[in-house]
Amino acid sequence: LRLSNGTGPCSGRVEVKHEEQWGTVCDGDWTIEDAEVVCKQLRCGSAVQALNRAPFGEGSGPTWLYRVDCRGDEPTLWNCSHTGWGAFTCPHYFDVGVICSGFSGLRLTGGDTACSGHLKVKQEETWATVCFSQIDFKTASVICNELECGQAVDIVRGTHFGDRHELIWQEEFHCVGNETHLAHCPRMLHHSMTCSHDATVVCSG
């Protein structure tokens, strides 16, 4: 299982390899429960959106799965009920996609209060550092709200990176400001991965 053509490793067109060939999944009532299984299987956090009609472009190869119906707790996508491998051939403009959160948690560390500090998001088992250039004030507002820390007060250039060997989050957040969770904000892959300072967020508490 993989996601192709998305903004990062945790969004894109859903592709499945069967009999040594990559193919796609055809929309037949593609739901958030189906997307949840994909995100969990790829260790990409939780499902944010289940998309149909080739939102990440049309794939190629066979349409391996059709009418996938998951409860949401299956270990793999093909453990969900479906019509059978390659049982139905769809045009590729029905290829499905998903957007996963890409992280399973967020926290502010090393601050003076529980509601301020360096922003980190959890990717699989590791905490990744978010760069100062990857967030803005609207994003900080969403973070403070999600952490039940009141209003965003400030975003500060945190400590200088230098040669610190830690995982750096790869995407910029572009929140509108009314999202309930950071995971629901639009994101863009951060191409120039120079990260001079981490992001320190200060909430009112």
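Sequential numbering from 1, following the chain as shown.
Including glycine, each Cβ sits where the backbone N, Cα and C put it.
Disulfide connectivity taken from TrEMBL links C175 to one of C185, C195, namely C185. Between C26 and the candidates C80, C90, C100, TrEMBL annotates a single disulfide bond, the one to C90. When the candidates C10, C70, C80, C100 are compared with TrEMBL, only one is recorded as disulfide-bonded to C39, and it is C100. Of the listed cysteines (C10, C44, C195, C203), only C195 is recorded by TrEMBL as the disulfide partner of C131. Among C44, C80, the cysteine that TrEMBL records as disulfide-bonded to C70 is C80. Figure note: comparing Cβ neighbours within 10 Å for the disulfide-bonded residues C26, C90, C131, C195, the maximum is reached by C26.
Note: the Cα of C39 (disulfide bond) and the Cα of C90 (disulfide bond) are spaced 23 Å from each other. Applying DSSP to the domain 'SRCR' (1-101) sorts its residues as follows: 16 helix, 34 strand, 51 coil.
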